[in-house]
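A short write-up of the structure that comes next.
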Amino acid sequence: RDALERERNKNCAPSPSTTNTSEGSVDLFLSITDNGPVTEEKEKRSLNIDMRIGVHSGKILSGLIGIRKWQFDVWSKDVTIANKMESTGQAGKVHVTKQTLELLLEYAREYIIEPNFESQNDPFIVKNKLETYLLSRPSRALEYRPFRRASVGFNKIITKTNTSTRRAEKRSTNSVRRTTTFMDENLVEYQQMLKAADAQMAKEIEDMTHGREHFRNESKLNRFTLMFKNCQMEKQFLLLPDPLFKYYMTCCLIIFLLMFLINGLTTKWFEGFNWYAWVLLGVLLIVLILLQPLTWFQFLWTKHNSYEEPRNKFLRWVYDVSTNIIKSAHIRTGIYLMISIGLAATSVVNVIACREVPVPAAESVLSNCISSWHVTQCWGLALLLNFLFSRVFFIFKWIIAAIMTTFYLWIVWEIKTSLFINDMTWNVGLDPRISHTLAVVIITVTLYWIDRTTEFRNRLDHLWQLQLSEEQSEAETMLKVNNMLLENILPAHVVQVYLNLNRSLDELYYEKYDNVAVMFASLTDYKLGIEGDADMSDKFLLSILDEIISDFDRLLLTGASEYKVEKIKMAGWTYMAACGLDPSRRESKDSYPNGPASLDTPPPKVRQNSPYGRAVVLTMVEFAAAMMMQLQNFNRGSFQSFEGLNLRIGISNGVVAAGVVGSQKPLYDIWGHAVNMASRMDSTGESGKIQVTENTAIILDECDILTTCRGETFVKGAGYVKTYFVPLDENFNLIKKKNSMDFYRIEDRSRYFAVKAHRYSNTSDDLRRYSTFDVRRLSLNSDYSMSSMDTELARPPTPIEDTDITSVSSEVKETRC
């Protein structure tokens, strides 16, 4: 399939000069069969296979139907004709209608054209009065002729053009690489996107500046106040928890001790302090000491107790208070104000309390009061503490700092000017008060600018986090959408394999199951009572089909059984599903030579008549019955005049191989004798009935489900095969047998068969002689064998004589089995 898609990309690439799609299609298919991928695979793998191809030109309706396993498909009468061209064609040739051939007359020199008289035996072709022809390439390429004739007879042998020769020369015999190219390319693009995002983030960080230009360019932040222009975003930022608040409290205690030490460095330690200064210092010290455990308790408890809350009432109260302090912006702001005002008052309380004496004793003024530069240093520490709280509103800290600076300058120039004017200065002749003023102002402005820069970074970081959260939310939504889309192409367990970034790009996915129940259900008699425009009738019919298939898909989502029914695909009017594709129960893990196959641990082998083997068959039959009931409900609730719209269902079970094939249109599909037989049970069945193979009927018999023998039915590729119908009651429920059945254990090729009024021989023959995959349109010869399928497929034993059938219904009595 991968090789066919590559050939299609080479030979059917869109071209402005190519308007004849029929010529492109025929040329593509002849290139495939004429020394193309099929020939290459035949020679490389020693396979005896060939392709039977049908082409018809006309109108189509295309789209997606259903709600599960979406697959682009086409419908119309012309599609049915193209399908019939394939089934009635010949291997190695392209079977076309006269309508298509008329579009190829300009290019007819490239083909050998011969009428297909055998197709006239088909009732559909005769009914629609179709003339059909077989196209093939000449056996050898003759000399290239630059001009082509306008028309030619159908029986002439014409040479290939140079265009086809060039296309043939482009073919390569290299081995087929990984089949799921589309997912590999997406994963590579995803990794490239991650690298590009990292590079872009690094560039943004390197280019990040904090000057006016950057403020001006940042559209979401106010240039002067640094507030978000979005009020909701500003409120969200201010109410963020502050996990660093405990460290601020520790710094406050350290700064308080430093201020106390600075005040104590005066000559008169105790004389420089008034009693109310000691009271203020004591109260503030107690508050700071109490705040230490209240702010640290939640962090320490969580770290050492695995996030479990304390059970003791007192400890729980301390824990709750500590948590509220961290999370509540209002509580943190209140603590900030209390500590900032307290430390500021502690810094100047001795200056305000200092008493001036008469001039003769002026020297005693300095000895009884604290040093003015010590006061300025303590005030600088108080300003530092004011800007320390990063999560407090930025403008609020500006206002507090401005008030503190103004108040201190008022003390320097008005309240205690004699204390500062007689102290040391920076330069000779410079008023000491100016030195103190410059010191306080420089400290305030410096701290303001540092805090402004920090605030901008915090807000920018918050902005990036919001953007990251939004992008992550979009990425999660996109991931869910991608998962939903992938799960509508592949089963859920296969999706997880391909979403794994550590998966090797050349890894193939292949599963093998010992027992899977496969169902083909075709809508039959879908003629609507609509007269007039045929296009309108087709569109309406397609809408009806979508509604019906969606109802069937809903049954997949509402199934109560633990054994999941997996929809494989919808091919035309046929619904294909399987039960038993459980990776935890499949028989073994296999691989192709160039990579691992699927999941890691091979589960034990499951026999077909084991409890699990019986369960998957019973679940599949119950699902088929539910589909028939759903269709009946649809017919009753519809206001259109349907003419016998019904289901024809075929079911079989057995060994199945599953995997992902294709690169441009990857598809999870299943193969095996059970799949072929289920398709044949559908195509040879009767409308409104469920037809099963003999081994499936035996399993249903073990479950006490009534089956009726239809008799010998000719199955293409297998000859005459005994088949059974599964009757349903008026409510579309499976019918239980009236009499219980005795079970005997008969081992035949590791299978157990239940015996009901029959004796079975131990003979079996090889059933690897199946010839066609109906849905895949791939024709195989009867001696076909596949080297990668190492499981022997055997036909169940057939009964050798009839016995008592009195316990069977009258319908079975009338049938010779």
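Cβ coordinates are placed from backbone N, Cα and C, and glycine is handled just like the others.
Checking TrEMBL for region 'Disordered' across the ranges 758-787, 788-817 points to 788-817. Within the chain, the transmembrane segment (335-353) has long-range Cβ neighbours (under 8 A, six or more residues past its boundaries) at 249, 252, 255-256, 259, 263, 272-274, 276-277, 280-281, 283-284, 287-288, 291, 325, 369-370, 372, 375, 378-379, 381-382, 385-386, 389, 392, 400, 404, 407-408, 411, 415-416, 419.
The average pLDDT computed over the domain 'Guanylate cyclase' (49-86) stands at 85. Within its own chain, the transmembrane segment (433-450) is flanked in space by residues 372-373, 376, 379-380, 383-384, 386-387, 398, 401-402, 404-405, 408-409, 412-413, 417, 420-421, 424-426, which lie at least six positions past its ends and keep a Cβ under 8 Å from the stretch. Outside the transmembrane segment (275-301), and at least 6 residues removed from its termini, the chain residues within Cβ reach (under 8 Å) are 243, 245-246, 249-250, 252-253, 256, 260, 310, 315, 318-319, 321-323, 325-326, 335, 338-339, 342-343, 345-346, 349-350, 353.
Residues in the domain 'Guanylate cyclase' (49-86) partition by DSSP class (helix H, G, I; strand E, B; coil) as 10 helix, 10 strand, 18 coil.
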